[in-house]
Amino acid sequence: SLPPTYTDKHTSLEGDADLQFLLNGGELIKIRSTSWKKNRFFKLQEDCKTMWHESRKIFKKNQTFSIDDIDSVRMGRQSEGLNKHTDTSVEEQCFSIIFKARKKNLDLMAPSREEAKRWVSGLNKIINNLHNLSRQQKSEHWIINCMRKADKNEDNKMTLKELKHFLRQINIEVDDTYAADIFKRCDKSNSGSLEGSEIKHFYDLLTHREEIDVIYGKYAETEGQMSTRDLLNFLLNEQREQASFEDALKLIEKYEMDGTAKEKKHMTKDGFLMFLVQEEGSIFNPAHKHVYQDMSQPLNHYYISSSHNTYLMEDQLKGPSSTEAYIKVLMKSCRCVELDCWDGANGEPVIYHGYTLTSKVLFRDVIKAIKDFAFKTSDYPVILSLENHCSVDQQKLMAHHLISMLGDALVTKPLGNTMPTNFPSPEELKGKFLIKGKRLNKLDAVFTNSNTIEEDTVSEEDEAADCKENGQKKSKIKLAKELSDIVIYCKSVHFNGFEHAKDNQAFYEMSSFKESKAFNLAETSATAFMHHNMDKLSRIYPAGSRTDSSNYNPVPMWNVGCQIVALNFQTPSKEMYLNQGRFLPNGFCGYILKPEFQRSLSSQFDPNTLTRGPWLKRKIFHVMVISAQQLPKINKDKQKSIVDPLVRETHHINNNGFNPMWNQTFQFNIQVPELALVQFVVEDYDSTSQNDLIGQYCLPLTSVQNGYRHVPLLTKRGDVICSAGLFVHLMLLDAQ
């Protein structure tokens, strides 16, 4: 028979009542609009990895989606669709399935509160269990599933034709002679089909990793296995600067599955591979998965994950605005979101991209979504960057919504009882919201009882002015006192040069720079820009000409210490990959402590000249790209479409996305390790057009682990590609 399925192996949910509930399935109401609400039967399939639901479409009677494609499951009316198309009375019967990538949410209503809770609980259990599977287990499961799909007549046997179909499914194209040779080697019974132990033999041949054999063979010097001492030698020679006998013993206890070997305190090749594909064998330092940096420094001492035009799902000419866009970026630990506020109907302010065809969303709905999701993945403060185009009356309503809905979480006065001289820390601001916008007076008015101005005119935000047609002057707007008073640590002011800012700008007064201005300053006045950012915040935003919501390179901005480097999160791009990599460590909390030389007043660091200083730590980064495993197909609709993969800088390999091997070495000179990012980009080679992205992974050099490492791969939208990855050898050494 074929190898065991996910449910056979996944004993942690065996007998679970919620799992059985999903397997039995049930009727749910699918909701698309106020008038489109249809009964549909949903159930979990036996593989425990696929959801099936009926469809009334003529050509799609049965539809399925993978549990792997689910980003999250939300209980209640916590999607834009359910909020808009259902009544508050059914709050506890509703739930939403949120998908990765751009697939639309699935909004559902159960017959009762209890059934809704069981659907949500069951789905979350399945999602968490799949997430907790090791990469090795996911790999095995994926291969086994493909085997089952290739077994067209479901007789638990595999013919030569089915074997060739299976190989194409897992992204390998082989000629008929090679396929026939593999088949013959496994068909010990000469029956013309593989079954039982023959399929197991084929599976072992297929998943055999030659590169692991070589490494294991080099260190396994005890009865053909790795003793505890052999494993320690491997750790000290290849993986770590320090390791003890006890460390090696713990790894054997944790990963060795063979009882006899475990008794001898040995590690078999299977146990060794299991260890290498786990957290300890990852390129990313597991100590950086949690908040490990000092979070008690002033707020401006951190890079802050920041979004531009947060409300947009697509481009900024005609794309939709949505509360869902805010939820998505907040769940990615974005800590600064933008709200473009305009007068709306019925006295209610709205958010959209002014003077365009983008749709509108109510300001109050956005604030509710922000409140509900701001601190799901990070406890650290969220900055609401207001671009205010509203009349005074609607500004007053904005202030009312912010104060009434955010409550004590909204910072409405400085921390402490005296006028501050610098920013509070992210730690002090945990769970808090800061408003960035215009203010009518100085902050010390809070303490001097001079805060009496009811309303006055102020110049509009720099970004609003920059988005106007050429030649139009920057205009004035009337600012309501109620809105002005809740701008505490992030008062927007126009930038008039570094010298002027040094003498006239308070620490809480911050400027926004369009990308062209910021890049020019970073090139011509890098050290001055960095010193400006030592006691003030700077926000950088994309040029208004980027109507397709494309992005600029954030790295030069981080290199001069800019904190709020706002990008279009809605647009998959190489710039967003860098942003995701920058904020990957420190618990993915949205705050990264800047290097000491970007915080010290005596520093003269200039990224353009790299003169001598404590920042200059020359290193040589040795990278060997060894192999890849189970790369996904780019064109899934074409069964015969096989990728020709390359890792940026390597040669490409024809027709093998399953287990390509390169064994190519590269060397990179590093000048300032604390600012360096490392990115692996895997592409499908095309001789006639631009290569397609297969997957990528980015992280700071300071979070890279030396030695033999597995590298996970992410989709263009930043989701992990299950079971796919690279195998590399890395070594960061001091330059001679």
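We number each residue from 1, going along the chain as drawn.
Backbone N, Cα and C atoms are what each Cβ position is placed from, and that goes for glycine too.
Automated prediction, rather than curation, is the source of TrEMBL annotations.
According to TrEMBL, the protein carries these features:
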| type | residues | note |
| --- | --- | --- |
| ACT_SITE | His308 | active site |
| ACT_SITE | His353 | active site |
| BINDING | Asn309, Glu338, Asp340, Glu387 | Ca(2+) 3 binding site |
| DOMAIN | 21-128 | domain 'PH' |
| CARBOHYD | Ser189 | O-linked glycosylation site |
Do you see any of the recorded positions Ser189, His308, His353 whose C-alpha is within 10 Å of Glu338 (Ca(2+) 3 binding site), and which ones?
His308
To see if you understand the setup: which same-chain residues, six or more apart in sequence, place their Cβ under 8 Å from that of His308 (active site)?
Glu338, Tyr541, Pro542, Ala566, Leu567, Asn568, Phe569
Starting from the Cβ centroid of Asn309, Glu338, Asp340, Glu387, the recorded Ca(2+) 3 site, name every other residue in that chain with its Cβ within 8 Å, sequence order please.
His308, Thr310, Tyr311, Leu339, Ile351, His353, Ser385, Glu463
Calculate the per-residue pLDDT averaged over the domain 'PH' (21-128) and state the result as an integer.
91
Give me the DSSP three-state residue breakdown of the domain 'PH' (21-128), ordered helix, strand, coil.
35 helix, 45 strand, 28 coil
Please report how many Å separate the Cα atom of His353 (active site) from that of Glu387 (Ca(2+) 3 binding site), as a whole number.
10
Across all the protein chains here, work out how many other Cβ atoms are within 10 Å of the Cβ of Ser189 (O-linked glycosylation site).
12
